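Enquirer: Quick one: the structure is below, and I'll ask about it shortly.
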Amino acid sequence: MKMGNYSAVTEFLLVGLSQYPELQHFLFVLCLIMYKIILLGNSLLIIITILDPRLHTPMYFFLGNLSFLDICYTSSFIPPMLVMFMSERISISFLGCALQMVISLGLGSTECVLLAVMAYDRYVAICNPLRYPIIMNKVLYMHLAAWSWAIGYMNSLVQTAMAMVLPFCGNNVIDHLTCEILALLKLVCSDISMNVLIMTVASIIILVVPLLLIFVSYIFILSSILRIDSAEGRKKDFSTCSAHLTVVILFYGLALFMYTKPKSNNTKVSDEIIGLSYGVITPMLNPIIYSLRNKEVKEALKKVLKRHLHLTKI
């Protein structure tokens with residue numbers, strides 16, 4: 001293969017559901033509504049964690065990070081996808097594809113690590129309540145959040161850089177709705193064994209290790225809760241971590257279903273819709289889950305809404 005063919009690709013064509021225009025119109029309306037809910041719900045959660053002094057704790061600091069992450073993650077692919085659904089433009093530049101991949105993969109990786117950090121926070125709060133303010137001090141929780149973002153983006157930058165330097169030999173049609181790394185690697189016409197190795201190692205570090213840490217943390221948490229004598233005390237402690245546990249089950253449960261589901265040409269459309277749902281449903285439900293299952297968030301939300309209604313009357 002001549003070297004000139006290796007640099008022929010300057011843009012990619014995203015043809016995920018381009019053969020189903022009626023479905024695209026339906027998904028446009030649905031994704032637009034869900035994106036607005038994501039922006040409203042997560043923005044509101046960030047605002048109340050900033051405005052309410054009672055929520056100036058490590059748990060809500062991490063929750064604010066999670067909400068900001070969800071806004072950025074969905075904003076990296078939903079607006080371009082909406083444009084693609086309603087126009088003939090299905091192309092994305094080479095750099096645009098790389099940027100989308102860096103952002104989405106980085107934020108997805110960060111969320112895995114951040115969920116483990118949030119589980120550790122709940123472990124310290126429930127298993128060592130007297131030492132919690134000392135252990136989970138401002139320096140530590142700021143560093144934990146910063147390292148979550150750093151680890152996520154280090155993984156993303158390495159994997160994206162390794163993928164984008166490979167020769168595509170003029171093949172630029174991505175059979176996907178977004179620039180997803182697995183779909184992109186199918187276009188490569190050289191050996192990708194090193195990429196697969198790095199992705200496998202990264203998956204163990206970014207996915208499996210945090211999940212194991214979450215699992216171990218909740219074993220200790222449940223053990224500590226069951227040792228509490230009063231039913232009211234058990235209920236109070238469990239309510240502080242039930243929202244996080246629900247989010248973890250939703251995040252990893254959908255991921256497990258998506259990646260273990262058998263794939264074939266006959267299920268291509270459903271696979272695309274399931275993949276899209278995974279990227280949208282979790283960020284949309286996170287603020288709802290934390291609002292419904294957390295008394296402090298509900299009270300802060302009522303306070304903010306009451307203040308807003310008072311100002312509008314004035």
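Every residue, even glycine, has its Cβ placed from backbone N, Cα and C.
Because the structure is a prediction, the values reported are computed rather than measured.
The domain 'G-protein coupled receptors family 1 profile' annotation in TrEMBL covers 41-290. Summarising the annotation, TrEMBL assigns transmembrane segment to 26-48, 60-78, 90-118, 139-158, 196-221, 242-261, 273-292.
Can you walk me through where each of these features ends up in the structure?
Expert: Listed as Cβ neighbours of the transmembrane segment (26-48) (distance under 8 Å, sequence separation of 6 or more from its ends, same chain) are residues 17, 55, 63-64, 67-68, 70-71, 74, 78-79, 81-82, 85-86, 273, 276, 280-281, 283-284, 286-288, 290-291, 297, 300-301, 303-304.
Same-chain residues lying 6+ beyond the ends of the transmembrane segment (90-118) with a Cβ under 8 Å from its Cβ atoms: 9-15, 18, 59, 62-63, 65-66, 69-70, 72-73, 76-77, 80, 84, 144-145, 147-149, 151-153, 155-157, 159-160, 163-164, 174, 178-181, 184, 202, 206-207, 209-211, 213-214, 217, 244, 247-248, 251.
Same-chain residues lying 6+ beyond the ends of the transmembrane segment (196-221) with a Cβ under 8 Å from its Cβ atoms: 109, 112-113, 115-116, 119-120, 122-123, 126-127, 151-152, 155, 158-159, 162, 181, 241, 245, 248, 252, 255.
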Enquirer: Could you check whether the transmembrane segment (139-158) and the transmembrane segment (60-78) come into contact, where contact means at least 3 Cβ pairs under 8 Å with the two residues of each pair 6 or more apart in sequence?
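Expert: Between the transmembrane segment (60-78) and the transmembrane segment (139-158), which are separate recorded stretches, there is contact, as judged by 3 or more close Cβ pairs.
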Enquirer: Excluding the flanking five residues on each side, which residues at least 6 beyond the ends of the transmembrane segment (242-261) place their CB within less than 8 Å of a CB in that stretch?
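Expert: Sequence-distant neighbours of the transmembrane segment (242-261): 66, 111, 115, 118-119, 122, 207, 211, 214, 218, 267, 271, 274-275, 277-278, 281-282, 285-286, 289-290, 293-294.
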